[in-house]
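Taken verbatim from TrEMBL:
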type	residues	note
REGION	42-73	region 'Disordered'
COMPBIAS	45-54	compositional bias 'Low complexity'
COMPBIAS	55-73	compositional bias 'Polar residues'
REPEAT	225-259	repeat 'PPR'
REPEAT	260-294	repeat 'PPR'
REPEAT	295-329	repeat 'PPR'
REPEAT	330-364	repeat 'PPR'
REPEAT	365-399	repeat 'PPR'
REPEAT	400-435	repeat 'PPR'
REPEAT	436-470	repeat 'PPR'
DOMAIN	619-702	domain 'Smr'
Amino acid sequence: MAASLSTALDVHFTIPKTDTKRPIFFTSPIRHNPTKKRLAISCNSSTSETSSSTKPPQNISESPSPKNPSLSDQLKPLSATTLSTKDHQAQLLSRPKSTWVNPTRPKRSVLSLQRQKKSLYSYNPQIRELKLFAKKLSGSGEDEFESVLETIPYPPTRENALLILNSLRPWQKTRLFFNWIKTRNVFPMETIFYNVTMKSLRYGLQFDIIEELANEMVSDEIQLDNITYSTIITCAKKCSRFDKAVEWFERMYKTGLMPDEVTYSAILDVYAKLGKVEEVLSLYERGVASGWKPDPITFSVLAKMFGEAGDYDGIRYVLQEMKSLDVQPNLVVYNTLLEAMGKAGKPGLARSLFEEMVDSGLTPNEKTLTALAKIYGKARWAKDAMDLWERMKSNSWPMDFILYNTLLNMCADLGLVEEAEMLFNDMKISEKCRPDSWTFTAMLNIYGSGGNADKSMELFEEMSKLGIGLNIMGCTCLVQCLGKARRIDDLVRVFNVAIDGGVKLDDRFCGCLLSVASLCDESEDFTKVLACLKQANPKLVAFVKLIEGEETSFETLKEEFRAVVRDAAVETRRPFCNCLIDICRKRDLHGRAHELLYLGTLYGLYPDLHHKTVKEWSLDVRSLSVGAALTALEEWMGTLTKFVQRDEELPELFSAHTGSGTHKFSQGLANSFDSHVKKLAAPFRQSEERAGHFVATREDLVTWVQSRIPSSVIA
């Protein structure tokens, strides 16, 4: 057996003393004070033919500098012996993770991780005089512009022209001076001149001119750099020209330029506004994978996008991404997230997020508090809403018109009259937030919902003294309140003031007048209300006259009703039909009421009126007025009577859904429905398990029908 020979290899290398933590293979050689160290590497070989350790290897002697061989030359015999042995390879090397890379399409970064630096121009000793000239040029009129240019203190060299161009403020003057420079043709135009001009045009939202300059650069073969594309894209975004922003972003990518953080955030916002959620997420993930750390503005864009769609999972994704990337949200991000939580219908999470924001040391502003007040009002969280108001006062958090009016509207939704009056009085003594037209409208809504006509008229008189005009919403609330109180003369007065004040009457207001007409007991009051309605909608009054005529045929009624519904706003068509049915019942025209209910069902105004399952038939009257609901009940009972007479198969249970009326001021249909059921002696009773439901069993209904039919008919 051949004896094992030991080969010793001396490796000399230099370790600089200044940085011992850097990898030795990537350390630049430092010539001063090197420290020589010797490393002995022993390699055992089982081959008997291996040269003696005293004889230097052949490949080392062949190096250009045998006395001071390079590190790669010294490691060659090591790789030729030890690393080439399969047994040693199995011991020394672990199996790496398999990562596939397409060699034909190498991965590149999707954005530049550094904001493009602006080109610098050399220092100009005449800077003070040139800036004064630029100020004079900015203040000149268009007719004086040429004459002022002739007084330029120094020749328009490249540096002088660039300084003046950058100092001009109105975009019109910047454009005029830029064109003047081009006509002088003293020096070749460069990218920086176009960038400065585009920046000024962006402040003026002049995208068309910017795009014209960009196309001019392309035709003149002037290079568009990162700043040029960024200015074009951000200006298109500000001008809501989202299609153009996407177009120039794609052109930028085709040129090989990488967008910086500002451009990247802008194009993410553009895609979000276009509703392209997949594109936004794709761009975001590609940017993060390239090493980009998104800023709070980017997360604000993502949160707003998911909030507009009411996507709670998307909002959670934004929160998780911020936490994983250790990005601390600022006030703008919190405000956006709160608005998104409100649109997603998550008041509890919005409250938790608000507390997290306060605990982090941030002070909420008016927008924060407005968003939270809207969420509490929509969720009908009265206690949390008033706790928020107390914290606003105790912490002296900022208040503005929008926040005050939002709180008042929230009080109207929750029926908080005393709290609303307290807010209203605070606004009166406030120096910054005095009540305006919308403030009075919110108070009119509160008093009108509670049927407090006296308070409503006091507000109306106060508005007249302060010179605050009625808007259409305030006028509608006041007319509705006075109509319910049967104060028709005051109603006519308010109507005339609104007409004289130039209030544009809409279909909602016409529906309000029609509703008041259905409440009138006296013919004189009915006539007064119709006289007001005639000024707003003559066709509607003509139809009311038509349904009162006994000679009107059903076909004529059908054609005229279709014309009225066609001309009305979509959201007012069903209220119109409800009020017309109420008028018919008030005037004892029950046959017309049933015909109008049939026409309303025929034209799709009551799509969810009837529901049938194997075990239960139900009537849903929650979207109907009292008169329309009672008419629907009579129609339904007549149909059920026919089924019983024909001995058809019936379900086990019958129910009518009137709604529970959760609002403090909600009268609901339950009381009127219950009275009418008792009048008919129908077997329906209020359900204890389901609020707002009247139920009857099949046996009770059959017994009731048979009791109302003569025995001869049954036989």
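Positions of Cβ are set from backbone N, Cα and C atoms, glycine also.
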Positions whose Cβ lies under 8 angstroms from the repeat 'PPR' (400-435), at least six residues beyond its ends: 366, 369-370, 373-374, 376-378, 380, 382, 385-386, 389, 442-443, 445-447, 449-450, 468, 663-665
Surrounding residues of the repeat 'PPR' (330-364) on its own chain - C-beta under 8 Å, 6+ positions past either end: 296-297, 299-300, 303-304, 306-308, 310-312, 315, 318-319, 322, 371-372, 374-376, 378-379, 381, 384, 397
Model confidence over the repeat 'PPR' (436-470), averaged pLDDT: 89
Tally of residues which DSSP labels helix, strand or coil - the repeat 'PPR' (365-399): 28 helix, 0 strand, 7 coil
Tally of DSSP helical, extended and coil residues in the repeat 'PPR' (436-470): 27 helix, 0 strand, 8 coil
Secondary structure content, the repeat 'PPR' (225-259) (per DSSP, counts of residues): 27 helix, 0 strand, 8 coil
